[in-house]
Amino acid sequence: MNIGVVIAAAGQGKRMGGSVKKQFIELGGKPVLLHTLSLFIGLEHVKEIIVVTAEEDMECTQELLRGYRGVRVIPGGAERQDSVYLGLKALRSVEYVMIHDSARPFLTRPTLLKLIEALRAKRAAILAVPVKDTIKRTDAEGIVVDTPPRKSLWAVQTPQAFALSDIIRAHERAREEGFIGTDDASLLERMGQTVHIVEGEYTNIKLTTPEDLVFGEAILERRKETGDDTSRTRI
């Protein structure tokens, strides 16, 4: 089983504020991007890793990742979907791919291995956690339309894992039709392909706002205190 990894790191991170993009912010003395990358380094089935970054960040990203074998840095596109597509097309000799946000550095190896097993059996699998809060749907004026049953709702995360040929085909159709999805799985869903959920972890947060950095530091500190550094579990 040969798997490629595409790490989406081309976003501007405007909601984070500040002058440093979130993938370069240090947590626990190390840039977020390195925390994220280390999740995949040494995994048995991972054969190549593509980091897709903004054109203006190419030089600093390449310098940061210097010495990491099997990792390539390429420039991204105008939108996340464009950047992921470029990353998919850059993969050379793999059958499967995991697409991951650079700003999700707290995923653990055991959960990652569960996703890989689901990918092996199902061809399309994504991480998600059950929604805790009640969700309301509204109209354009902010009036509540209905309340979907919470038991059927999941908050989707990354990595999202697919057969490479399937997700490339889905991206290409979306490009032809001008469709922009909120995640990669939605591109397959609209083609009628079944996507399977693997239950993830609530700590697999995406660093989006300054408040998330506070939560992130707490996660790292808790793992340090308990010795539960499961993101580095060897196989």
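Cβ coordinates are placed from backbone N, Cα and C, and glycine is handled just like the others.
What TrEMBL lists as site 'Transition state stabilizer' is Arg15 (among others).
Around the Cβ of Lys22 (site 'Transition state stabilizer'), the number of neighbouring Cβ atoms within 10 Å comes to 28. Residues or ranges marked as site 'Transition state stabilizer' by TrEMBL: Lys22 (among others).
The site 'Positions MEP for the nucleophilic attack' annotation in TrEMBL covers Arg150 (among others). Within the same chain, residues at least 6 positions away in sequence whose Cβ sits under 8 Å from that of Arg150 (site 'Positions MEP for the nucleophilic attack') are Pro130, Val131, Asp133, Thr134, Ile135.
Counting only same-chain residues six or more apart in sequence, the Cβ atoms lying under 8 angstroms from the Cβ of Lys206 (site 'Positions MEP for the nucleophilic attack') belong to Asp101, Ala103, Arg104, Gln157, Thr158, Asp212. As annotated by TrEMBL, site 'Positions MEP for the nucleophilic attack' applies to Lys206 (among others).
DSSP gives Lys206 (site 'Positions MEP for the nucleophilic attack') a coil state; it is part of no helix or strand.
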